[in-house]
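Here is the structure we will look at.
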Amino acid sequence: MERLASFSNDPFDKPPCRGCSSYLTEPYVKCAECGPPPFLLCLQCFTRGFEYKKHQSDHTYEIMTSDFPVLDPNWTAQEEMALLEAVMDCGFGNWQDVANQMCTKSKEECEKHYMKHFINNPLFASTLLNLKQVEEAQHSETAIPFHPADDPPRPTFDSLLSRDMAGYMPARADFVEEFDNYAEWDLRDIDFVEDDSDILHALKIAVVDIYHSRLKERQRRKKIIRDHGLINLRKFQILERRYPKEVQDLYETMRRFARILGPVEHDKFIESHALEFELRREIKRLQEYRAAGITNFCSARTYDHLKKTRDEERLKRTMLSEVLQYIQDSSACQQWLSRQADIDSGLTPTVPVPSNSGRRSAPPLNLTGLPGTEKLNEKEKELCQMVRLVPGAYLEYKAALVNECNKQGGLRLAQARALIKIDVNKTRKIYDFLIREGYITKA
């Protein structure tokens, strides 16, 4: 009975003949009754009736060969394996090199056979689809059905996103600066020579062992970062913000224990606390209804509507008290009205409200004769006067924010403050102005 032999064509990869210890070449014989390990004989020893220990010449046997077709009548199994090894060595598409390594087929034959039987074969496609469906079914019950570290973004070097990712290089799965980055320095002068004393040799071995322990710690930290999706920090923060504020605080507190639990176990732990928080909040709401004498959900909806109306009335009374504080000063009253108009329109107020401490604000900046003033429109001139910023600096900050926004597809205030190293209040005013005028968009 013929059986498929070893996947490798190299005779050195096979165990030697048990009779003459020579390297086996196909076809050869395998005893079906002896082993493990397998009892293999070359054809010469088999024809002589070689016997050894428990092996007898009358045992049943198998002929090991790969000289038979599998997928194509014109291709033997040995040639099929040689083709796969050649494609693995030379790369997909380098058919001339593949044919040169095989030596038995032409470039066109290799390409046609590989594309027909290994790429466009519907049997293999359905098998891969089934494997993918099985894998998805295994992960269907996890707490968070995503893998944040599978495809991290690949930003340009030294960009803001690259700095957010701590210099992680996805193509190499390494960081620009690793943990314990200078661990290799302790080994640079170590050289093992034959005339070392026993103490010196043991000392060098100890240094190498210490280096290995530092490498293990480096790999452990990288594994935690990858498993928990901490490389793509922006996606991690977006997922974290889906929880209520109280659960976010818990997430921040329990993050230090993530290295002890696996990523799925840690997410289940947080999800369970989020569910507990929701249940407690619902119980508190039902207790409030009970205390108010409400016994059905129809009355509860009426109660919620009246409560919302009372809260709005209370807010209006608070706003009226604020107006009364500024009613004595017409300028302060005008600024307050402008601020409320910005709030009602959904914008961040840019007009400062004077305090009651008696501190006088600085006068607007005079832009007359300053370089770059002619490049500003009227709204930009008004902004520079209010924040007391020279036009040249404003144009530089504006260009930096617009370029970063185009790279990232959006810009957050924290990113703007990281790019512009000036007063945070001025940065906010510039950021809000550029968003209001449509130069940049929020991330």
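Glycine is treated like the rest: Cβ placed from N, Cα and C.
Because TrEMBL annotations are produced automatically, they should be read as predictions rather than curated entries.
Per TrEMBL, the stretch carrying the note region 'Disordered' among 11-31, 53-73, 347-367, 368-388 is 347-367. Across the domain 'SWIRM' (356-443), DSSP helix (H, G, I), strand (E, B) and coil residues number 51 helix, 2 strand, 35 coil. The domain 'ZZ-type' (12-69) scores a mean pLDDT of 81 in the predicted structure. Taking H, G and I as helix, E and B as strand and the rest as coil, DSSP gives the domain 'ZZ-type' (12-69) the counts 8 helix, 13 strand, 37 coil.
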